[in-house]
Ligand SMILES: [Zn+2]
């Protein structure tokens, strides 16, 4: 029973859009997909001519499609952006090795320069080292906090004034739900923003970030990659996945199967949730150790590194007075961070996915 | 008289991890013309999903099916067409069909 495309009425439909329930042909799907992202970019004022933009590339579906789309739209609409690929090597044998090969392929296919930064170089610890030290529990927290800083450092090193990430509508709805469930108002505000670290609070990030896929459904990203024959790498991180996010994700998928607009509805809710002026949000200052931006006296990454070297890996993961005590101790140590973690600002883990994805 | 329905099944996007890392299978499904009732008369996608779950799935069935239906987040294409415009579970498989399962649940 061939069905004709709802848009051109001529060609055979190949996909039902989750957003509109329209059945579209391949060409109309490509057109709508690309145009909607272009519109998101224009309406959100995401770029200005001359921006040097680091594309956070993991070799996974979202960042592979992001690299392709950024190059395509930059040329088609003459954004005049200088695009580069930035990958983080967490140092997970057998996981990152393969995905980095995919990123290298992207570099060739899209003719974009690529820089790879490793945790080992930046922090002195690879994820394999960290897991050997702390076991498989909680390592996603380390990975997420370290990755966030790593992307900032890489972008600064490359002279980029902006980072784009492949967070899609499903990811953002998921993060909004998680922050609601955890009652984390500060992050709820941040994760909803299409662009962070610029405008009203220039101090918020070291390098401003934006999410061109904020309103793009995961299904369409995967379908686009399939029909465009874009090769991406998909596997699960070999270390424990973020179980909490996993549950939220299934819940969201179930909601979506009943009501297809659920994802955009949740994003909309996140956007219109206002924080009452009487509510005190954490004030961001600089980490006393490495001077990376932080809402605490010592940033999360420094606390975690401290924990690793002292054999107290729970530091920075559990919030307790005990940790605060150790933190005070750390400050009074008067020791400065070694060079590797200095002169950058950090902040605690944010809207970045913590389940081993950049 | 017994016959066979020949189809190709493919796994992508991490779905293959649940099927022993096999990305492509050629299946010959038994079809009964009606006499002895030992095999189905026809195969729907729903039957295929059950068959894959029972006979081919190697691990973590919960990542493939949910209450006898495909797990939300797994995309299915029949001959490169989204199963959502083909009647989903009720689509009747035809000889030579290529059925592709893509997981969107595996890390990106
Ligand atoms: Zn069309």
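Just so it is clear, glycine is given a Cβ too, placed from its N, Cα and C backbone atoms.
Taken straight from TrEMBL:
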- A:52-247: domain 'tRNA(Ile)-lysidine/2-thiocytidine synthase N-terminal' (DOMAIN)
- A:56, A:57, A:58, A:62, A:88, A:166, A:171: ATP binding site (BINDING)
- A:285-315: domain 'Cytoplasmic tRNA 2-thiolation protein 1 C-terminal' (DOMAIN)
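Sequence features, as recorded in TrEMBL, placed on the structure.
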{"residue": "A:56", "record": "ATP binding site", "CB count, 10 Å": "26"}
{"residue": "A:57", "record": "ATP binding site", "CB count, 10 Å": "32"}
{"residue": "A:58", "record": "ATP binding site", "CB count, 10 Å": "28"}
{"residue": "A:62", "record": "ATP binding site", "CB count, 10 Å": "29"}
{"residue": "A:88", "record": "ATP binding site", "CB count, 10 Å": "26"}
{"residue": "A:166", "record": "ATP binding site", "CB count, 10 Å": "28"}
{"residue": "A:171", "record": "ATP binding site", "CB count, 10 Å": "26"}
DSSP-derived structure type at residue A:58 (ATP binding site), helix or strand or else coil: coil
Binding-site residues near chain B, Cβ-Cβ under 8 Å, from A:56, A:57, A:88, A:166: A:166
Local confidence of the prediction over the domain 'Cytoplasmic tRNA 2-thiolation protein 1 C-terminal' (A:285-315), expressed as mean pLDDT: 74
Mapped DSSP class for residue A:166 (ATP binding site), helix or strand or coil: coil
